[in-house]
Each structure stands twice: as structure tokens, then as C-alpha cells.
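*Asks:* Not my notes, these are from Swiss-Prot:
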ACT_SITE  His52  active site, proton acceptor
ACT_SITE  Glu79  active site, proton acceptor
ACT_SITE  His200  active site, proton donor
BINDING   Asn16, Arg27, Gly201, Gly222, His223  3-amino-2-oxopropyl phosphate binding site
BINDING   Asp18, His19, Arg54, His59, Thr109  1-deoxy-D-xylulose 5-phosphate binding site
SITE      Glu160  site 'Transition state stabilizer'
Amino acid sequence: MSFFLTTPTAIDLGVNIDHVATLRNARGTAYPDPVRAALAAEDAGADAITLHLREDRRHIVDADVRTLRPRVKTRMNLECAVTPEMLDIACEIRPHDACLVPEKRSELTTEGGLDVVGHFDAVRAACKQLADAGVRVSLFIDPDEAQIRAAHETGAPVIELHTGRYADAHDAAEQQREFERIATGVDAGIALGLKVNAGHGLHYTNVQAIAALPGIAELNIGHAIVAHAVFVGWDNAVREMKAIMVAARVAALHGGR
């Protein structure tokens, strides 16, 4: 049995603070402070703090990562590309988790999962470099059987399944097909002994079905929480998301009762 398997009732929320930094950088100010947002999110029930240090530093910057690392009380999940610069930073900072993601400068946000099959040697080397530095590695991948198998073969103990196509589905039938791909991917990851997380594009009205899947350990959500906070406040936005996730998981385990 994998060390990472948890009880079916447990589901964690990783709050992504990237778009707090986006708001700050829109006017070149020192506020809102993403580090302050991270600490407040922890107080409101977040189980981890996720942040993506992109090569172009469009939102999170190096100082955010360095300032947050000694102050985080839960876990820091640093998303980064498979490049020498980013791997060196991750090995220096030593977050609790490093999630390797694909990255293109032209994209508004991450558009798909990391192609582990096509870049296997580079990804495997990155996993070893991070593991040697004491950092747990996660791979952000599409819910594809070949990618999941390749992720396992790299030695990474965690995968995060890309839920963007589910979130962006144009109709209910397409969304159901994407949900079934995710559910199958969760089962495949669990069967290989991997910890399975998920995220991308999830919000307050589409997260329920994903949170109900008992094999998922953690959901990473950011933009929706930042947007909802405009209306209800940051603390409430975090608490509401966590409550929705937990309620969906409990209802699924008890047959909707």
C-alpha cells in the first residue's frame, strides 16, 4: 500500500495565490501581498499553498517564493517548468512539493499537461534532482493512461491530473466524457501507488463531481477563489470552497444522504 494513500473522507485544498500577485502586478504596487493572502488562506482552512514561478515572472516573483517559504505553516507547493533555472531555484528553496508543469510564454494560463512520454529522460532527471534535494515531486499531467504510466516510471510519487478540459467543456455530454477520463485516471494512478491530486479551471459550481472522487487527495484551486473573494472576502472564499469539497466527498461516500 502506498504511503500517500489517505482515508476516502479526506480531501485537501491547495489554494493557489498566483492571481493575488496578478492583481498586485496590474498596477505595479506592493499590494495585495500574496504572502499575506497565503497566511490568511491557511488560517481559513487551506491545507497547502500553491504558487507558480513562471519563467516570465508574470505574477509570482522570486521574492514571493523566498519570503513565503519560511512562513508557510502547511505546505508550499511550487509549480515550475522543467528548466535548469527553475530546478535550481526549487532545489535551493526546497518547498515541500514541486509540481512540474509545461509552460509557454504565449499562453494565458497552463493549457495542458506535461508531456512526460515525449520528454521522459528530462522529466526523470528533474525528478531525481528534486528528490535528491529533499523535495517531493508532482507531475501535472493529462488524465491519459500512457502519461500516468510514464509519470510513475520517472519515480515521481505524486501526479496532479489536469481538469481544464472538464472545466472548459462546451456542453454536459463533453463534460461527462472528460469527467470519466479523470475518474479513470484517478483509478490508474492509485493502482500504481501514486498520490493523485487534481486541478485547473475548477470553481464553485463544477468542483463537486471532482471532489467526490474518493481517490483524489488534493485539489489545487486559485482563480475562482480570488474572483469570489471580491464579493465575499478572502477568508470566506477559502472556507466556502473547502466546505463544498468536503460536503461533496462526504455525500458521495454516503450515497448522497
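In case you wondered, yes, glycine gets a Cβ from its N, Cα and C as well.
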*Asks:* Where does Asn16 (3-amino-2-oxopropyl phosphate binding site) sit in DSSP terms: helix, strand, or coil?
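*Replies:* Where Asn16 (3-amino-2-oxopropyl phosphate binding site) sits, the three-state DSSP reduction gives strand.
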*Asks:* Please report the three-state DSSP label of Glu160 (site 'Transition state stabilizer').
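*Replies:* DSSP assigns Glu160 (site 'Transition state stabilizer') to strand.
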*Asks:* In whole Å, how far does the CA atom of Glu160 (site 'Transition state stabilizer') lie from that of Arg54 (1-deoxy-D-xylulose 5-phosphate binding site)?
*Replies:* 18
*Asks:* Distance check, please: Cα of His52 (active site, proton acceptor) against Cα of Glu79 (active site, proton acceptor), rounded to an integer number of angstrom.
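*Replies:* If we compare the Cα positions of His52 (active site, proton acceptor) and Glu79 (active site, proton acceptor), the gap is 4 Å.
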*Asks:* In terms of DSSP three-state secondary structure, what is the assignment for His52 (active site, proton acceptor)?
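*Replies:* SS state of His52 (active site, proton acceptor) = strand.
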*Asks:* Under 8 Å Cβ-Cβ from Asp18 (1-deoxy-D-xylulose 5-phosphate binding site), six or more apart in the same chain: what's there?
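*Replies:* Residues satisfying the criterion: Pro34, Thr50, Leu51, His52, His59, Ile60, Gly222, His223.
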*Asks:* At 10 angstroms around each C-beta, which of the recorded positions Glu79, Glu160 has the fewest other C-beta atoms nearby?
*Replies:* Glu79
*Asks:* Considering only the recorded positions Arg54, Glu79, His200, which residue has the minimal Cα-Cα separation from Arg27 (3-amino-2-oxopropyl phosphate binding site)?
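*Replies:* For Arg27 (3-amino-2-oxopropyl phosphate binding site), the closest Cα among Arg54, Glu79, His200 is found at Arg54.
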*Asks:* Within a 10 Å radius of its Cβ, which of these recorded positions (His19, Arg27, Arg54, His59, His200) has the fewest neighbouring Cβ atoms?
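*Replies:* Each of the recorded positions His19, Arg27, Arg54, His59, His200 was scored; lowest Cβ tally within 10 Å is Arg27.
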*Asks:* With the cut-off set at 10 Å between Cβ atoms, which of these binding-site residues ends up with the most neighbours? Options: Gly201, Gly222.
*Replies:* Gly222
*Asks:* Least buried of the recorded positions Asn16, His52, His223, going by other Cβ atoms within 10 Å?
*Replies:* His223
*Asks:* Over all pairs in Asn16, Arg27, Gly201, Gly222, His223, the listed 3-amino-2-oxopropyl phosphate binding residues, work out the largest Cα-Cα distance in Å.
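*Replies:* Binding-site diameter by Cα atoms for 3-amino-2-oxopropyl phosphate: 25 Å.
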*Asks:* For the C-alpha pair, I'd like the distance in angstrom between Gly201 (3-amino-2-oxopropyl phosphate binding site) and His19 (1-deoxy-D-xylulose 5-phosphate binding site), rounded off.
*Replies:* 13
*Asks:* C-alpha of His19 (1-deoxy-D-xylulose 5-phosphate binding site) to C-alpha of Glu79 (active site, proton acceptor): distance in Å?
*Replies:* 14
